[in-house]
Amino acid sequence: MKSVRYLIGLFAFIACYYLLPISTRLLWQPDETRYAEISREMLASGDWIVPHLLGLRYFEKPIAGYWINSIGQWLFGANNFGVRAGVIFATLLTAALVTWFTLRLWRDKRLALLATVIYLSLFIVYAIGTYAVLDPFIAFWLVAGMCSFWLAMQAQAWKGKSAGFLLLGITCGMGVMTKGFLALAVPVLSVLPWVATQKRWKDLFIYGWLAVISCVLTVLPWGLAIAQREPDFWHYFFWVEHIQRFALDDAQHRAPFWYYVPVIIAGSLPWLGLLPGALYTGWKNRKHSATVYLLSWTIMPLLFFSVAKGKLPTYILSCFAPLAMLMAHYALLAAKNNPLALRINGWINIAFGVTGIIATFVVSPWGPMNTPVWQTFESYKVFCAWSIFSLWAFFGWYTLTNVEKTWSFAALCPLGLALLVGFSIPDRVMEGKHPQFFVEMTQESLQPSRYILTDSVGVAAGLAWSLQRDDIIMYRQTGELKYGLNYPDAKGRFVSGDEFANWLNQHRQEGIITLVLSVDRDEDINSLAIPPADAIDRQERLVLIQYRPK
């Protein structure tokens, strides 16, 4: 009966965090609008081989993540939940692997359930796992690879070992097809310390080639198909998206070596108090095969991405699955022997909640700031933000009431965040970061436009997805579409600032021309170097400028 209650509680937890509130949040640009539009175009065109964005070739990522996103929009429609359905599904599948792997390692159902809840409630997992990017997919394939390798090495018969390595190769292959060759580097680096400490080199060399074969066979059909359709895809994807992005001096998203330290700290909320003890206990028990394996899958990817020049918080998402297992194991030991870490965790959550309440007041219309984040007419959003932090502090306090029994309620600290964050975003943020908000405000003007031009790829993708059209023209800036715009058949999809006046004269009689520009909050739009317009509609950071036929 207790198991049934636990399952009901888990499903309610998942519904409140990962299902019910998702549609209340508008899509963020540039990431969510980009992936939403790529998948919409894939469904509309029926081309499941070559990814396109705004009708242009888009070679920044392989195809598998777009497949999953497209299935999400096909099943649930072109809406906020449909766009995020794929990442939510991948996150929940990863949580299922956490459950299964924890149960296999320790044979403890309670521990397995706790590891799952800890994983799903980690701030970084929740933030990325409900945000339409490709990282939850690659995290799933990496965690699946972690489980597959363990299965292979624990099998006694050659059939079990062979099956495990074949499965490992498939997961690596799908990882390559999701985000590239990092899906090969991370598993290799993660298993090497465990193989070395356990002296299992023989099994690795005997059966490892099976993983290589299954990986190649997984990637080969699509790899050959896109090479035939677009011969330069692999050159661009390997050199630009891997070497330049991560290793060269001009790498994208450059950051210092210690970049991930604050990411780990913030990402571990509301379980931050368990982080030091989980890592220390894992190291202290490194003679235990399972513990050192989880520790290796936590630390090695973190070191790898720290050494790389290009860094983003999403890159280390896969580290938090083994870390959640270590945290759950340590938490049960602490509850049984010395609950000091659990008390510290409760106080950290109280401090975080109280700090958030104070910070919300400071940036509110009633605070000391001359330019508050929220305006007076957005008072309800301020109260939503206060509710988020109040609930965080409340559940932090509740875990201290009987810490040996109530410590696990820290999983409810982000409940307010899950339910209310979509209602607390300031209008000034929505106007710049949520193209849907802009489209809703300017729908009547945008809909009849013959041509739409914009200077932001993220805004362009948002306009295309909302208006269900992929012919948005880039104005003045090419951004990440630079490579796709170099193709001969992309002529006419970019208009420079110097050419705009002539282009306008040539096309004005064909219908309404709409220019959507991103501007600074205090920028005078009358000073823009553009021909006089027939209509201007400013929505803070985005401006709609229209030219009608003469």
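Using N, Cα and C of the backbone, Cβ positions are placed for all residues, glycine too.
Packing against the transmembrane segment (7-27) from elsewhere in the chain are residues 33, 36, 79-81, 83-84, 88, 91-92, 113, 116-117, 120-121, 126, 129-130, 132, 411, 414-415, 418-423, 425, 430, 434-437, 462, 465: each is 6 or more residues past its ends and has a CB under 8 Å from a CB in it. The transmembrane segment feature in Swiss-Prot is assigned to 7-27 (among others); the stated evidence is sequence analysis.
Among residues of the same chain six or more beyond the transmembrane segment (81-101), those with a C-beta under 8 A of the stretch's C-beta atoms are 14, 18-19, 22-23, 27, 32, 35-36, 39, 65, 68-69, 71-73, 75, 112-113, 115-116, 119-120, 125, 128-133, 136-137, 139-140, 143-144, 146-147, 150, 321, 324-325. Residues or ranges marked as transmembrane segment by Swiss-Prot: 81-101 (among others).
According to Swiss-Prot, the transmembrane segment annotation covers 111-133 (among others), on the basis of sequence analysis. Under 8 Å from some Cβ of the transmembrane segment (111-133) lie the Cβ atoms of residues 6, 10, 13-14, 17-18, 22, 25, 27-28, 31-32, 35-36, 69, 83-84, 86-88, 90-92, 94-96, 98-100, 102-103, 263, 266-271, 313-314, 317, 320-321, 324-325, 327-329, 331-332, 408, 410-414, 417-418, all in the same chain and six or more residues away from its ends.
Annotation source Swiss-Prot lists transmembrane segment at 137-154 (among others), citing sequence analysis.
Residues annotated as transmembrane segment in Swiss-Prot: 165-185 (among others).
Residues 49, 62-63, 152, 161-162, 164-170, 172-174, 176-177, 184, 191, 195, 234 of the same chain, all 6+ positions outside the transmembrane segment (204-224), place their C-beta atoms under 8 angstroms from a C-beta of that stretch. The transmembrane segment annotation in Swiss-Prot covers 204-224 (among others).
The feature transmembrane segment is assigned by Swiss-Prot to 255-275 (among others).
Residues or ranges marked as transmembrane segment in Swiss-Prot: 288-308 (among others).
Among residues of the same chain six or more beyond the transmembrane segment (315-335), those with a C-beta under 8 A of the stretch's C-beta atoms are 94, 97-98, 101-102, 105-106, 110-111, 114-116, 118-119, 122, 124-125, 128, 135-136, 138-139, 142-143, 146, 186, 260, 263-264, 267-268, 271, 274-275, 277-279, 281-282, 291, 293-295, 297-299, 301-302, 305, 341-342, 403-404, 407-408. Positions annotated as transmembrane segment by Swiss-Prot: 315-335 (among others).
Annotation comment: Swiss-Prot describes 346-366 (among others) as transmembrane segment, evidence class sequence analysis.
Marked as transmembrane segment by Swiss-Prot on the basis of sequence analysis: 382-402 (among others). Long-range Cβ contacts of the transmembrane segment (382-402) within its own chain (Cβ-Cβ under 8 Å, at least 6 residues beyond either end) map to 270, 342-343, 345-357, 360, 364-365, 374, 408-410, 412-417, 420-421, 423-424.
For 406-426 (among others), the entry in Swiss-Prot reads transmembrane segment, with the evidence type sequence analysis.
Sequence-remote contacts of a segment are chain residues at least 6 beyond its ends whose Cβ falls under 8 Å from one of its Cβ atoms, and for the transmembrane segment (255-275) they are 118, 121-125, 302, 305-307, 309-311, 313, 316, 320, 323, 327, 330-331, 334, 341-349, 352, 392, 395-396, 410-411, 413-414.
Across the candidate stretches 165-185, 288-308, 406-426, the maximum count of CB pairs under 8 A to the transmembrane segment (346-366) is reached by 406-426.
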